[in-house]
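Working notes for the structure below.
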Amino acid sequence: MKGVHFLISTLAILASATFLVSASDPSPLQDFCVALNDNKSAGGYFGANAVFVNGKFCKDPKLVNANDFFFSGLQNPRNTQNPLGSNVTTVNVDQIAGLNTLGISLTRIDFAPNGLNPPHTHPRASEFLVVLEGTLYVGFVTSNGDGNRLFTKVLNKGDVFVFPIGLIHFQFNVGHVNAVAFAGLSSQNPGVITIANAVFGSKPPINPDVLAKAFQVDDNVVDYLQKQFWYDNN
């Protein structure tokens, strides 16, 4: 009888593990799946009935070349003369087609003094940040169930910080010189939702009564915020 109970428990654990695995991105079943935006340019490999793979069609493997896995220019500083004083250069599946199904991407973030990468989330990825130059004040806020705790750290050159998937986070240059950081993300298309832009700059606008009640402020404050230009540094 003990053996039967052990077998049942083992099967239950395996079933749970299978469910958890199936709830995330599947592992690639081939060496690569270089992305295409439509099936018409797939070289006839899939034909008219092409199947979406993580939102992208696969290029005929026989037509794949080294450039499908290549991107150049991340060594160049970006223009930070904007309201936020920051500029995010994204390298995901839209820039490197060979990233499709591989579950990784990269960004370079340039900061002017006092430059901010404002509070935002990546709905499909965790992130780790490494500072190449300068000093950054970084942090993230936990979910409601955890009490919305704030975790912060001041990072210097060579320091690394991790932002868990889906949590609101930010980076702020507290130094007197320009700062540069690189971030790795656990998705080929992590997505980004900048909180202020989404809440006050949505199209069409969210009903002001909703925002006034949510933020416990006067309607005039909401009206003012919705009329602002919410800059996108991505």
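Along the chain as shown, the residues are counted starting at 1.
Positions of Cβ are set from backbone N, Cα and C atoms, glycine also.
The signal peptide annotation in TrEMBL covers 1-23.
Taken from TrEMBL, the feature disulfide bond covers CYS33-CYS58.
TrEMBL lists 72-223 with the feature domain 'Cupin type-1'. Averaged across the domain 'Cupin type-1' (72-223), the predicted model reaches a pLDDT of 96.
The Cβ of HIS122 (Mn(2+) binding site) lies under 8 Å from the Cβ of PHE163, ILE165, GLY166, LEU185, SER187, PRO190, GLY191, VAL192, ILE193, each of which sits 6+ residues away along the same chain. Positions annotated as Mn(2+) binding site by TrEMBL: HIS120, HIS122, GLU127, HIS169.
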Item to check | Cα separation, HIS169 (Mn(2+) binding site) to CYS33 (disulfide bond) (Å, whole number) | outcome: 31
Item to check | Distance from CYS58 (disulfide bond) back to HIS169 (Mn(2+) binding site), taken between C-alpha atoms, in Å | outcome: 33
Item to check | Alpha-carbon spacing, CYS58 (disulfide bond) to HIS120 (Mn(2+) binding site), which is rounded to whole Å | outcome: 31
Checklist entry - Using the Cβ centroid of HIS120, HIS122, GLU127, HIS169 as the reference point for the Mn(2+) site, which residues of the same chain not in that list have Cβ within 8 Å? => result THR121, ALA125, PHE140, PHE163, LEU167, ILE168, PRO190, VAL192
Checklist entry - So for CYS33 (disulfide bond), how many other CB atoms are inside 10 Å of its CB? => result 22
